[in-house]
Amino acid sequence: MNSANETKLQNQEPEDIELEAENITQETQLNTEEMDSESKKEKIYSQNKQAKFGYIKYVSLGILTVQNSALGLSMRYARTRNGVLFSAAAAVLMTEILKLAICIVLVMNESGGIRKGSQILYSTVILNIKDTLRVGVPSFLYVIQNNLLYVSASNLDAATNQVTYQLKLLTTAFFAVLVLKKRLKRWQWGALGLLVIGVALVQLTSTEEKNKTSESQSKVLGFSAVLAACFISGFAGIYFEKVLKESDISVWMRNVQLSLLSVPIGIITYLIDSKGAISELLKGFDGFVWYLIILQAAGGALIVISSIFLYGYVPKKKEPRNPLSV
């Protein structure tokens, strides 16, 4: 069979071979033209993203790592320095307001103008209020989590707090397997096991040095707060990821909904914490506290950017959902 094919190829004239190649090219082009428009868009987007933005995910992850480290150190310093102590609930509220402003600006930029962006915001957030309320659960949890982080920063040294808070990777993996039915590889489970061992070693070291801790600080309270923040972070992150994957709304628009619901929750949290002292909302706020708020708000935007380039959270057209489905 092979010898017969070779003989046939040898007997063909160069013009015939070129004609066949041209026909194959035309057929391929025809098939490309007949491709579904959505498939073509997704293919072109994927190729362009890999070519132009391949390095950005590593840059964003590097910046996010620096931001997280600086945030932990800054929170610890802000809560233990001399002077008037600011309200952690007020700081969380200001952070949510700033994040809301940042996301609104990015939605306007994504929409191509203030007028069009305002119309999209109104139709997506206000008119579609039921969909907005879907992110009410993570909105509430993130406010609680951020308040718990201030509690842990007030009672644990920066190193212990930062290392222990990395347990959120373990809780995120747990809820990803439980909620999203993801499968982790063996080396991923091994890495999570090493993380747990590292956290345990840090806790043993900090226990030996507990005599150096101020009397106003409680290791038990700090560890309980950071552990609760880890579980909340894991569940809220996976819940929000599930909402993103089940809708055709952009990531920035979802974050507008998230922050918009977080602001009233933050106000209620502050009123409970301060017993209604609205006049003392900005008590103790100075340049460093505002720097801390900006740093934390920027971290939220960096997480979104990292998610876009790592996981490709881009709005896609979906089939109409069954109204009877949950």
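Glycine is no exception: its Cβ is also placed from the backbone N, Cα and C atoms.
Just so you know, TrEMBL annotations are computer predictions that nobody has curated.
Worth saying up front: this structure is predicted, and the values here are computed from it rather than measured.
According to TrEMBL, the feature compositional bias 'Polar residues' maps to 1-12 (among others).
Among the features that TrEMBL reports, region 'Disordered' is placed at 1-39.
The compositional bias 'Polar residues' feature in TrEMBL is assigned to 23-32 (among others).
TrEMBL lists 58-78 (among others) with the feature transmembrane segment.
Positions annotated as transmembrane segment by TrEMBL: 84-108 (among others).
Taken from TrEMBL, the feature transmembrane segment covers 187-205 (among others).
Here the transmembrane segment (220-240) has long-range neighbours at 135, 137-138, 141-142, 144-145, 148-149, 151-152, 154-156, 160-161, 164-165, 167-168, 170-176, 179-180, 203, 254, 258, meaning same-chain residues at least 6 beyond its ends whose C-beta is under 8 angstroms from one of its own. Taken from TrEMBL, the feature transmembrane segment applies to 220-240 (among others).
According to TrEMBL, the transmembrane segment annotation covers 252-272 (among others). Listed by sequence, the residues of this chain that lie at least six past the ends of the transmembrane segment (252-272) yet keep a Cβ under 8 A from its Cβ atoms are 87, 89-90, 92-93, 96-97, 99-100, 103-104, 106-107, 110, 120-121, 124-125, 131-133, 135-136, 138-140, 142-144, 147, 240, 243-244, 278, 281, 300, 304.
Taken from TrEMBL, the feature transmembrane segment covers 288-314 (among others).
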